[in-house]
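Visitor: Take a look at the following structure, please.
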Amino acid sequence: MSDSVELFTDGACKGNPGPGGWGALLVFKGVEKELWGGEANTTNNRMELTGAIRGLEELKRPCEVTLVTDSQYVMKGITEWMVNWKKRGWKTAAKEPVKNADLWQLLDEQVSRHNVKWQWVRGHIGHPGNERADQLANRGVDEVRGIKS
């Protein structure tokens, strides 16, 4: 794994649940690729996860990835909680089914292809990559709602 990629991801939702969007900004050797999409009835957490999944899916070969997210849910889920969810058969400590297990499993599959370094940043404080991912996620929401950007 020699290729080094930065991946900035975000999710947005107008209502929770409600129309939502995800965004991902890939940066490789100074070249940027923007990805976004949305769903008519979803949650902010599902969109945060989808942004990370779609960004990693876009990589055609194993890479060194620095994935930057403003989602504590994604960050803690992948770095702290998932190991125990998997041991318990995708159940929480309270023996409840893990919410969004379908997406967590897809994310786990994508992460296993790469060497991912997870980085959390506070949202909406002007971090350039995070702000771009936020704009892309909101573009996804707007497209689902039929608003042209």
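Cβ atoms are placed via backbone N, Cα and C, with glycine included.
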Visitor: If Swiss-Prot says D10, D70 bind Mg(2+) 1, which of E32, E34, E48, E57 does it name for the same site?
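Guide: That Mg(2+) 1 site, as Swiss-Prot gives it, pairs D10, D70 with E48.
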Visitor: Looking only at C-alpha atoms, tell me how far D134 (Mg(2+) 2 binding site) is from D70 (Mg(2+) 1 binding site), rounded to the nearest Å.
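Guide: About 10 Å separate the Cα atoms of these two residues.
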Visitor: Hey, for the Mg(2+) 1 site built from D10, E48, D70, who else sits with CB inside 8 A of the CB center?
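Guide: Nearby residues not in the site list: T9, G11, A12, M47, G51, T69, S71, V74, G123, N130, A133, D134, A137.
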